[in-house]
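*Asks:* Following this message is one structure expressed as structure tokens.
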Amino acid sequence: MDIFNWIVSAQGEGFFSATMRLAVPLLLAAVGAIYAERSGAINVGIEGMMLSSALSAALVAADTGSPTLGLLAGVVTGIAVAALLAVFTVLLPADPVVVGIALNLLAVGGTTFVFRIFSNQVGTTTTTPGIDAEPIPLLESIPILGPLLFDQSYLVYIALIGVVITWVVLKFTSWGLLLRAAGEHPAAADSLGLSVNRTRFVALLVSGAFAGLGGAFLSLVASTQFVENMTAGRGYIAMAILILGHRSPWGVLLASLLFGLGDAFQLRAQLDNTGVPFQFLLMIPYVLTIVTLAVFGRRLIDPAALGTHFRRGHR
Amino acid sequence: MAISPLEPARAAPGSTTGPILQMDKSTVRFGEVVANDRVSFDLAPGEIHALLGENGAGKTTLMRVLAGLIQPDEGQVFVRGEARSFESVADSVAAGIGMVHQHFMLVPTLTVAENVSLGLRSAGRLFPNTARVGRELRALADKHGLSLDPSARVSDLSIGQQQRVEIVKALYRGATILILDEPTAVLTPGETDSLLAMLRSLTEQGTSVVFISHKLREIRAVADRVTVLRHGQTVGTWALDSVADAELTSAMIGRDAAPTVSSRLAPTTSVAPVPRLAVERVGARDRRGHAVLDSVSLSVAPGEILGIAGVDGNGQTELAEILSGVRRPSAGEVRLDGANITAATVAERIGHGLAHVPEDRQRTGLILDLSIAENLAMETVGTAMFSRRGSLNRAAVRAHAEDIISRFDIRCSGPDQRVRDLSGGNQQKVLIARAVSRAPSALVVSQPTRGVDLGAVENIHRQILDLAAQGCAVILISTELDEILALSDRIAVLYSGTIISTYDRATVDLGTLGMNMTGQSV
Ligand SMILES: Nc1ncnc2c1ncn2[C@@H]1O[C@H](COP(=O)(O)OP(=O)(O)O)[C@@H](O)[C@H]1O
Ligand SMILES: [Mg+2]
């Protein structure tokens, strides 16, 4: 098949637009996690945050008829779950991995329960109002870039702006400096009268807000309905993307596009009836996670204080 | 023993001639421990006031109160005659106090200017202007005759440079009272000299300095007065020109100083044809792949003590790990009695008579939550001495521990006491005793007296000398030049991963070693 013809065909356009659609929830969650991890706090609860937000976004959108309100509900839910995580892991403090996993498990059961109560349905909702793609005239017809960037919902632009803002915050703002200090040498920040734990708390909330956007994207944009356990491990993949992207906004953008590509590829392959059992195709993003982590994860140097609790004068 | 401390001068409020800073009966408790017990201390304008005391005497705690990091349980602080209480670091900075901590408070991944801008309002609330801060820092450093690159990443700077950054950072933040907590512990003799000169020039420009140290020589060189702390209490304050060293030492340790172990100027046994322990052209790399040891060759004969001098972080840790078998060298060989043991495990080396005292007793040397007896049996627990067919002979473990506790003078409540609850000196004695009591044929000992009180230092040095007298080959790795000079027969200087010089003890002095330690050959 002639590659160029395929790219501009409806199939090719569908492929690139799917790539972005599949990449963005991962991108949002992973960009948020940059804040948490650079400040030294580990957010293992991304999966639970995304799932809870996907549900609340769908329910609110269905109830009010406004997808924007649904989106807001998703963000608020993400922040609320993150606050719970932060109270346990920063203030108390308990082990962040154990608490994060507990939250994720709680979210699976909790969302199913709440969903069945409110919707009187099992499995999936009927379609809810979603956020539609808005093609930008002229630009949308550029090959590859058109479907990738200019025929998408505004949430995609929010995600991309989030990348730029994160880069600016980390590199140029006082809070970014504080964030990096808290992650690398918390005692140094403390010795200057800055609160390490408050910084980490806020960083986790920011992470929750981004994960909430990512979750809402799933139930408002990617599909306009809630499906039980619809995140299907995307929160964990976001953590892998974070590592693969070396906890930098641009790196995370590239890594999530790579995963979006892998996911779009397996969807395409399923439609094209390649003869490969679909179960194997479904594995592609997960295999990609393991392989890339094994290959690229090793050279990464973690923030020195990642995952440690800070207490003044504690030895 | 005559001790005649000065009466602290009492400042009238608002007076300009009284002390710039005064602490009155400051008390700090950590649970059961009284770290500061009604300590009084004062600082005159333009003065360098030394704080002297053994490890754990409460020096750091006293200064953390001034830095706003600890709120005292009792007592008052006066700045320029006015009562102040420091609820936070910001309060302390506002009063013109800047502290340079013993472990530097610089974020290694940030630049110098970024470190200084951290949390600094005047650098810009939202977007700190690090370029402007950098320019001002450079100007400030120039004014004090220091060189400083504000755009350098802290992790690329030497320890001495980092310390300079800490001092300039404090000055930039408006400190007129500078507190330095054991600033010379990490410096070479040359760097120490330039630090002391810098402190003197700072005081000429009106800064007052609190200088914490337990090295009398430095205090003599730089300070006007000295306050001695012991067990959290003030022993007294003296003007340095009116007090003898012996008096200060006995104030610090609470009894008359014992004569220090004589140095071993007499040459020992002639060199044996086959060295007991040797490394040949060994190399090592850190986790980023940089060489940390490059083609190092050393050998030590039975009965000989080879001292390895050098500033921390020049490859000592890796060398000790290669010798003990914890780390595989990236190149070269390790030999014991002529046999190649490069591939031998730690346990096999112990079986062949090699003993090892690691530099960090709390992290790698001891298991803090196990008892003294268990720690002492640890290395040889599988041998017939302590167990039979896999079951532990508890009575033998205990008896062994009791024997060692009395032989090595370990101060404890008994063999079952947790090692965590021992003082640093006694923890170290447990570690040394474990190695020495096996009568090893070779010993690698790193930083044997780091953070250990003077009483225990003598004991530990005696153990090492006795072991060598019995024919053991000893490699002594230490950053304390006094220790190296007192114990070694031969001395090698490790700099930047290579041996840059080797001397017989009789032919070398402190100055030469100090030069070599900074990479200068003489
Ligand atoms: N954060 C802390 N928690 C508990 N005990 C402490 C703490 N800081 C210091 N101490 C104890 O207080 C005493 C004085 O310590 P420190 O001020 O560090 O002594 P120095 O600086 O003179 O070596 C020691 O017994 C030490 O163990
Ligand atoms: Mg101290």
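Placed from the backbone N, Cα and C atoms, the Cβ positions cover glycine too.
Just lifted these from TrEMBL, have a look:
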- A:12-35: transmembrane segment (TRANSMEM)
- A:41-62: transmembrane segment (TRANSMEM)
- A:69-91: transmembrane segment (TRANSMEM)
- A:97-118: transmembrane segment (TRANSMEM)
- A:154-170: transmembrane segment (TRANSMEM)
- A:201-223: transmembrane segment (TRANSMEM)
- A:235-258: transmembrane segment (TRANSMEM)
- A:278-296: transmembrane segment (TRANSMEM)
*Asks:* Looking at the transmembrane segment (A:235-258) and the transmembrane segment (A:154-170), are there 3+ C-beta pairs under 8 A, with each pair at least 6 apart in sequence?
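*Replies:* Between the transmembrane segment (A:235-258) and the transmembrane segment (A:154-170), contact is present.
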*Asks:* Who are the long-range neighbours of the transmembrane segment (A:154-170) in its own chain, taking Cβ under 8 Å and residues 6 or more past its ends?
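*Replies:* Residues 20-21, 24, 27-28, 31, 34-35, 38, 71, 131, 134, 176, 179-180, 210, 213, 216-217, 220-221, 248-250, 252-253 contact the transmembrane segment (A:154-170) from elsewhere in the chain.
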*Asks:* Using a Cβ cut-off under 8 Å, which residues of the same chain at least 6 positions beyond either end of the transmembrane segment (A:278-296) come close to it?
*Replies:* 233, 236-237, 240, 243-244, 255, 258-259, 262-263, 265-266, 269-270
*Asks:* Per the 3+ Cβ pairs under 8 Å rule, pairs at least 6 apart in sequence, do the transmembrane segment (A:97-118) and the transmembrane segment (A:201-223) touch?
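*Replies:* They do not touch: fewer than three Cβ pairs between the two stretches lie under 8 Å.
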*Asks:* For the transmembrane segment (A:12-35), give me same-chain residues lying six or more residues beyond its boundaries with a C-beta closer than 8 angstroms to one of its C-beta atoms, as numbers and ranges.
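*Replies:* Non-local partners: 6, 43, 46, 49-50, 133, 144, 146-149, 151-152, 155-156, 159, 162-163, 166, 169-170, 179, 203-204, 206-211, 213-215, 217-218, 221-222, 234-235, 237-239, 241-242, 245, 247-249, 252-253, 255-257, 259-261, 263-265, 267-268.
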